Structures are given as C-alpha cells and as structure tokens.
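A.B. asks: After the structure tokens below, expect a handful of questions from me.
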Amino acid sequence: MPELPEVETVRRSLEQELVGRYFVALRSLGWPKIVDTHSPELFAEAIAQRQIQQVQRRAKYLLIELDNHETLIVHLRMTGQMLVVAADEPADRHTHVVVALDNGRELRFHDPRKFGRWSLVDRSGVAALNQRLGPEPLGDDFTLDDFAQRLSRKATKIKPTLLDQSVLAGVGNIYADEALWLAKIHPLRSANSLNANEIAELFEAIKTVLRNSIEHRGTTLVNYRDAYGASGENQYHLEAYGRTGEPCRRCGTPIERIVVAQRSTHICPVCQA
C-alpha cells in the first residue's frame, strides 16, 4: 500500500497537472463501488464543471479541493494509481474511473485490486477524516513531547503502534521497518518501554526515512506510480525492508524477516537486539 512518501509524490505530480483545471465530465465509472459517497449519476453531476483549487495530502489520502468547497478524498489502498494522460491514450481493463479535464487530458484511476476509494465530501467530511488521524510526521504538530506522550500511553509493541494511524498519520509497513532499523529499536519492544533517548532517536528516524523517500520519489515494489506513470526509486535505498538475508549495512549481519502483529517485518538481529 502506498504510504506517506508515495502519496506525497503523487500529490506533487497531480498538483502540477490539476490545479486551475476543470473537471469537464465523468467519462466512465467502470466499478461504481470505487465512489462510496454518490451514485454514478450524482457523482457525475457533482463534479461537472468544477475547478480544482488545491491538491493536498493527509496521511495516505489525497484531497482534491474543488471550487464549491467540496473535496474529493482519494485512498489508493493496495494498487490504486492516479494518472493524468492524453485523452487518446488507450485505457486498459484496470482503468475504472475516467474524468475529462478542460485541457484535453484525462484523470484516470487505475486499480487492479479495486480496493481504492473516492469520496466526495463537504468540509465536515474533511474534518471527520482529520479527527481520526494522528499528527503528520513531517508537520509542525509532530513534536518530540507529543510523540513521547503518545508512546507512553501504549502498551502495544512499537511496530504496530507506529502503524496506528491515530498515533501517527501516514507511516506504514515499509517506513516503520526503516525507522526502527535506523533508530536501532526492536519492533517487538513495547511502545511504553522506550526511554527518552530511544524516543528521540525514533522521532528523528521517522522524519529522516520519510524525507529521504520523498526525495527518491517513493518506493515502487509492484504497483506504485506517480501521476505520470513513473516509478519511484527509494526501493534501491532501503536498509531493512525487503532485504531478508542481505547484510546489514551497519554491521554486516544478515537481515532477518519476522512477523509482528501479522505483518512481515525486517530487522537486524544485532543492531536491533
């Protein structure tokens, strides 16, 4: 599933293509369940001739703000892609939503697994989303003191705590592994067992791995692409995730795969002991 760096990379590419443009018409909605707030007919009517004001991100969600104060919230889930292409470019069978733009291009949603969702909401819908999410780890409201307080209230293991979107918004399996490796913390440690120095190390590690991945335009393992269909490059810079059996770049010990909270997890058994 795309995590914060991937969704931020998509956001930036969509921003270049969409801000100031108009949704002209819904060309097709091949899988109606993708839009979970409106029928196809009402959705088509609601977005027609609406100008795009901003493209923002909250956690793993894209927020496309329209000129009538409504917002299209897009959750890519496992395999969703938001692509902006020429209208004459052929669409394959996994393209489930096509929206015409006023410059002759199209916004397309490509999703082989069909788990992605579009929700057209008013301001209260955006507020409800914000209310259930924790702070943005690259935002000003992510402070060391607040992070320490949140961890102190959690007796759960640190790995699933980092994946809890009400604790921290946007971190998923890849970057939890990467941050814990960088901070030299074992993922099975209880969140409330970390001392002040460990919390500070993890706080900085989370920001570092996310910023580095954004710089590399995200991690493409299978499906992730930006709005131009381009892959990310962060998969070539991972330290722990997906590197089972390969040497730890700090100590040379083979990276091991374990399961934590039913999630595949990658650790250095020496550095993170």
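In case you wondered, yes, glycine gets a Cβ from its N, Cα and C as well.
Feature table excerpt (Swiss-Prot):
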- PRO2: active site, schiff-base intermediate with DNA (ACT_SITE)
- GLU3: active site, proton donor (ACT_SITE)
- LYS60: active site, proton donor (ACT_SITE)
- HIS94, ARG113, LYS154: DNA binding site (BINDING)
- 239-273: zinc finger (ZN_FING)
- ARG263: active site, proton donor (ACT_SITE)
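Set these features in their place in the structure for me.
C.D. replies: For the recorded site, PRO2 (active site, schiff-base intermediate with DNA), the DSSP three-state label reads coil. Taking Cβ-Cβ distances under 8 Å and a sequence gap of 6 or more within the same chain, the neighbours of PRO2 (active site, schiff-base intermediate with DNA) are VAL10, LYS60, LEU76, GLY80, GLY218, TYR224.
The number of other Cβ atoms within 10 Å of the Cβ belonging to GLU3 (active site, proton donor), over all protein chains shown, comes to 22.
In the three-state DSSP classification, LYS60 (active site, proton donor) falls within coil.
There are 18 other CB atoms within 10 A of the CB of LYS154 (DNA binding site), with all protein chains counted.
Residues 157, 159-160, 163, 173-174, 177-178, 180-182, 184-188, 221 of the same chain lie 6+ residues outside the zinc finger (239-273) yet bring a C-beta within less than 8 angstroms of a C-beta in it.
Neighbours of ARG263 (active site, proton donor), defined as other CB atoms within 10 A of its CB across all chains, total 15. A strand conformation is recorded for ARG263 (active site, proton donor) in the three-state DSSP classification.
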A.B. asks: Taking the Cα atoms as reference points, how far is HIS94 (DNA binding site) from GLU3 (active site, proton donor) in Å?
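C.D. replies: On Cα coordinates alone, these residues lie 21 Å apart.
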A.B. asks: Cβ atoms within 10 Å, counted per site: which of LYS60, HIS94, ARG113 has the most, among these recorded positions?
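C.D. replies: Neighbour-count leader: LYS60.
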A.B. asks: On the three-state reduction of DSSP, what should I expect for ARG113 (DNA binding site)?
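C.D. replies: Reduced to three states, the DSSP call for ARG113 (DNA binding site) is coil.
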A.B. asks: Can you tell me the CA-to-CA distance separating ARG113 (DNA binding site) and GLU3 (active site, proton donor), as a whole number of Å?
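C.D. replies: A Cα-Cα distance of 17 Å.
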A.B. asks: Compare all C-alpha positions of HIS94, ARG113, LYS154, the record's DNA binders, and send over the largest distance in angstrom.
C.D. replies: 40
